Each structure stands twice: as C-alpha cells, then as structure tokens.
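Structure first, commentary second.
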Amino acid sequence: TFLTPEENGHVTSLWGKVNVEKVGGEALGRLLVVYPWTQRFFESFGDLSSPDAIMGNPKVKAHGKKVLSAFSEGLHHLDNLKGTFAQLSELHCVALHVDPENFKLLGNVLVIVLAHHFGNDFSPQTQAAFQKVVTGVANALAHKYH
C-alpha cells in the first residue's frame, strides 16, 4: 500500500467516525456549488439553481452517499485501487464522459469537508494521509481514460 502504517492508522481511525451519508452529501453538494460546471452531469437531479437548493437536494445527498460508499470500499483495497475502481472508471469515462479532473476536485472537497466536520481531530498528519488517498482514488478513477 502507498500509505505508511502511521498514515493508515490516521485514515482508519478517522474514517470509523465518518457519517457517510452526511459527509458524502455535503462533499458532492459543495463540489456542485464551488465548481458549477460539474452540474452538467447532474441535470436530471432537479433544482440546482442555488447553493441552498443544491445542498438541500435529496438526489444530490443520495448520490453523495453512493459516491462516499464507493470511496469507503476503496479504503479496504488501498493496494488495488485501479482494480477496485475499474468498473466505475469505465462508466465515468465511456458512458458519462466525466472530465477526470473532476475526481481530483471532489477529493479535495472531501478533505475540506472532513476538516470541517472533525476540526482539531483532523490533524495535519491526518490531512496528509487523506490527501494521498483521495489522489490515489482520483488516479484510479482516471485510469480508463489513458
């Protein structure tokens, strides 16, 4: 795995406290607010007309939970992220034509949301470990694009 045992400890310890539904919904919502061009992939989700509409949109929250559940699964397979995310990579590349840069943006937003939710418990060491993980996941999701 690309994490040191200490980094893995930081990730595992914090992730055990994460509310996947709440954090996932907030992370995807913030992505859509901060990077509005990403909304084009979610036109079927209904009202995305304002930050409040986006953050309160049940479809955004539900998809955010789905995204973070997949991310959570990836945490159990850090030694094989490309294999773990191969199908999702293909779906997003071939069928949905998502710009792979968006995976990096979502990873960065996730780190911000975790910092927001966990405050002082989200130490610089924990942030560094999570940044490695979200970068690894983004690269795995972008794999089918190459």
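Cβ coordinates come from backbone N, Cα and C, glycine included.
According to Swiss-Prot, the protein has these features:
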type: DOMAIN; residues: 2-146; note: domain 'Globin'
type: MOD_RES; residues: THR12; note: phosphothreonine
type: MOD_RES; residues: SER44; note: phosphoserine
type: MOD_RES; residues: LYS59; note: N6-acetyllysine
type: BINDING; residues: HIS63, HIS92; note: heme b binding site
type: MOD_RES; residues: LYS82; note: N6-acetyllysine
type: MOD_RES; residues: CYS93; note: S-nitrosocysteine
type: MOD_RES; residues: LYS144; note: N6-acetyllysine
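Distribution of Swiss-Prot features across the structure.
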residue	record	CB count, 10 Å
THR12	phosphothreonine	12
SER44	phosphoserine	6
LYS59	N6-acetyllysine	15
HIS63	heme b binding site	18
LYS82	N6-acetyllysine	15
Within the domain 'Globin' (2-146), what mean pLDDT does the predicted structure show?
88
Treating G and I as helix alongside H, and B as strand alongside E, what does DSSP give for the domain 'Globin' (2-146) in helix, strand and coil?
119 helix, 0 strand, 26 coil
Which ones, of the modified residues THR12, SER44, LYS82, have a Cα no more than 10 Å from the Cα of LYS59 (N6-acetyllysine)?
SER44
Can you grab the distance from LYS82 (N6-acetyllysine) over to THR12 (phosphothreonine)? Cα atoms, rounded to a whole Å.
20
